[in-house]
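Peer 1: The topological domain 'Cytoplasmic' feature in Swiss-Prot is assigned to 1-55, 170-445; the stated evidence is similarity to another entry. Taken from Swiss-Prot, the feature transmembrane segment covers 56-80, 148-169. Positions annotated as topological domain 'Extracellular' by Swiss-Prot: 81-119, 139-147. The feature intramembrane segment is assigned by Swiss-Prot to 120-131, 132-138, with similarity to another entry given as support. Marked as motif 'Selectivity filter' by Swiss-Prot: 133-138.
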Amino acid sequence: MHGHNRNGQAHVPRRKRRNRFVKKNGQCNVYFANLSNKSQRYMADIFTTCVDTRWRYMLMIFSAAFLVSWLFFGLLFWWIAFFHGDLEASPSVPAVGGPGGNGGESPNAPKPCIMHVNGFLGAFLFSVETQTTIGYGFRCVTEECPLAVIAVVVQSIVGCVIDSFMIGTIMAKMARPKKRAQTLLFSHHAVISVRDGKLCLMWRVGNLRKSHIVEAHVRAQLIKPYMTQEGEYLPLDQRDLNVGYDIGLDRIFLVSPIIIVHEIDEDSPLYGMGKEELESEDFEIVVILEGMVEATAMTTQARSSYLASEILWGHRFEPVVFEEKSHYKVDYSRFHKTYEVAGTPCCSARELQESKITVLPAPPPPPSAFCYENELALMSQEEEEMEEEAAAAAAVAAGLGLEAGSKEEAGIIRMLEFGSHLDLERMQAATLPLDNISYRRESRI
């Protein structure tokens, strides 16, 4: 039951706007919840986890890894020096051959495990110098403590592993084809208008770089809630929109902006949808552009989506490619602009198809029937002429007193036939109509 506002008008509650499944920038608006063993699964694939992590978090992780390793081995070196008694020695005793040393160290003085490490700060600095291979030459490990030598070897290996992992992750993250999708552009709106006599859904794609996308092809899917015949509710039912898979129109040469066309035919989910239905429908069209990056041969994918409110009925895109004197110019300031087309039908493609009444002319008679009718007419005309000639010959023969079947009668008949043929030729040359009797018989046929 609808409420009323203060003016007494009925208040119709507005339907909640549909959440995007795919955002305009291509990110999927999906949140995963209640995943069992999520941390263990992500740590099992630590490289992919680091590559997918944002830059700030990745740098924090590697910085923390370096600090932890330096602190751990610094504490280990301090512990070795402490138990060896190096920290109890006088800090003024110079190292053999070291800076400020004269090489005149007392032979009875104990030899430390790590030279010039007199506290935790010195051990930490030695750890940093060892792992980063700075090599100042002031602190060094002696052969007094094999444990300290082993610790130096282990720290060197750990440092190489961390460096390799960090460099590989950064390179993989920088070379990801996902960033190439940032220079692939989709129009802000999609349009529906008539093209080649049929309603078509169209949107525009473009490449902002001069480097090509190899084997570029497009796909489109319509996503909307769907209720099955058994009563099962599917909140995100996906249906393909044909953009020319069967004839290869889905593969494009993306040098300049191209308009992708989906013909709304009997197989299209938009076939029974008109302008009014479009404004009230709840669906989303996800468009996908895939191809290989020319520089790295890695597959990249760019995505975008259009809600029903972002589809303009009866509009077309403004042209962006213009032919100059020696080249073609692409004006990207017109990339998202459209203009309204007058006379675009507001009905659905189904209603438009049903309203087309095509009156086909009656097919002409086959050549065999035409010849047969003319043949009958000519045969009837020849029979009539032969009867008239025979009657005339009989009358002449009777007047001359000749017997039937004589040679003279046959000659007279041939003369009459010759005369009748001459008369017929004159009549055809003068394009005179046939006599009433032959015309009447022909019409009967």
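Using N, Cα and C of the backbone, Cβ positions are placed for all residues, glycine too.
Give me the local environment of each listed feature.
Peer 2: For the transmembrane segment (56-80), same-chain residues at least 6 beyond its ends with a Cβ under 8 Å from one of its own Cβ atoms are 50, 113-114, 117, 119-120, 123-128, 130-131, 145, 147-148, 151, 154-155, 158-159, 162, 166, 169-170, 173.
Long-range Cβ contacts of the intramembrane segment (120-131) within its own chain (Cβ-Cβ under 8 Å, at least 6 residues beyond either end) map to 66, 69-71, 73-78, 81, 114, 139, 152, 155-156, 158-159.
Regional average pLDDT for the topological domain 'Extracellular' (139-147) in the model is 86.
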